[in-house]
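Chemist: I'd like to ask you about the structure that follows.
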Amino acid sequence: MSIPVFGLGTFRLQDQIVIDSVSQALTLGYRAIDTAQIYENEAPVGQAIQESGINRDELFITTKIWIANLSKDKLIPSLRESIQKLKTDYVDLTLIHWPSPNDEVSVAEFMSELLKAKGLGLTRQIGISNFTIDLMKQAIAAVGAEEIATNQIELSPLLQNRNVVDFAKQNGIAVTSYMTLAYGKALAEPVIKTIAEQHGATPAQVILSWAMQLGYGVIPSSTKAANLASNLLAQKLCLNAADMALIATLDRNERLVSPDGLAPKWD
């Protein structure tokens, strides 16, 4: 099994806004949807999916276990609740959203429990998010690298996270990029704008294409149908080696997501 290269993110979208975003995306041809327990939008996401009438086996639904639900007694019940909210019988991928702060719950405990959830048929694949190299090593020790479908991390032209990417690749763990556009900051980079002009593309398409050509999955979000459609077309854009080399020079380790009390010690 593998994970989709392109999907729809739903972070910060709630209620009717997320219903509209997911509905529009599905109509346009999106088939992978990324949500999380902490987004508090699993139910409206599920509603939009249900109302679309698209066969479940055509869809790839990802959710993430929040830190309050990492312990052995809470993880599987919380995932069952997520599945119920999503109005489905299973999810395709379940991630540990963040490692447990201060190791309150050990990596071995929550990864073993997540693997058990897979064994129960609640999730087809399992993975991790916001994991450093050390945390990936612990996860691999707990369940084996072959069980970890992806590490979903903040990754953009401004934060290329090469050490984490290299370690993941060496262990056969796919990388999914979130915040690929760096909250829009990367769109304003002159290098990105120039490449976009040369290809008759948008800056967002250039960045998404860059990430996909490096082998990363992407999950951009939008509430606008035009942007949803435009982002989807990034899959058809092919950047050349010179373009890729120029974007590589933009890396400045500029991390935008590092919540106090939640973020691990980054590589």
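Positions of Cβ are set from backbone N, Cα and C atoms, glycine also.
Feature table excerpt (Swiss-Prot):
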type	residues	note
ACT_SITE	TYR39	active site, proton donor
BINDING	HIS97	substrate binding site
BINDING	179-231	NADP(+) binding site
Chemist: For each of the recorded positions (TYR39, HIS97, ALA186), count the other CB atoms lying within 10 A of its CB, then report the residue with the highest count.
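Modeler: Per the Cβ count within 10 Å, the most buried is ALA186.
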Chemist: Starting from the Cβ of SER221 (NADP(+) binding site), draw a 10 Å sphere and report how many other Cβ atoms land inside it.
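Modeler: For SER221 (NADP(+) binding site), the 10 Å Cβ neighbour count is 21.
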Chemist: Let's check the environment of LEU214 (NADP(+) binding site): how many other CB atoms sit within 10 Å of its CB?
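Modeler: Cβ-Cβ neighbours of LEU214 (NADP(+) binding site) within 10 Å number 16.
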Chemist: When a 10 Å sphere is centred on the Cβ of ILE207 (NADP(+) binding site), how many other Cβ atoms does it contain?
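Modeler: Cβ-Cβ neighbours of ILE207 (NADP(+) binding site) within 10 Å number 31.
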Chemist: By CA-CA distance, flag whichever of TYR39, LYS193, GLY200, ILE207, LEU214 among the recorded positions is nearest to HIS97 (substrate binding site).
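Modeler: Minimum Cα distance from HIS97 (substrate binding site) across TYR39, LYS193, GLY200, ILE207, LEU214 lands on TYR39.
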Chemist: How big is the Cα-to-Cα gap, in Å, between ALA186 (NADP(+) binding site) and TYR39 (active site, proton donor)?
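Modeler: Pair distance, Cα basis, whole Å: 24 Å.
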Chemist: Counting across all protein chains shown, how many other Cβ atoms sit within 10 Å of the Cβ of GLY200 (NADP(+) binding site)?
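Modeler: Counting Cβ neighbours of GLY200 (NADP(+) binding site) within 10 Å gives 8.
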Chemist: I want to check the contact list for LYS193 (NADP(+) binding site): same chain, sequence separation of six or more, C-beta distance under 8 angstroms. What comes out?
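Modeler: Set apart from LYS193 (NADP(+) binding site) by at least 6 residues yet with Cβ under 8 Å, we have PRO203.
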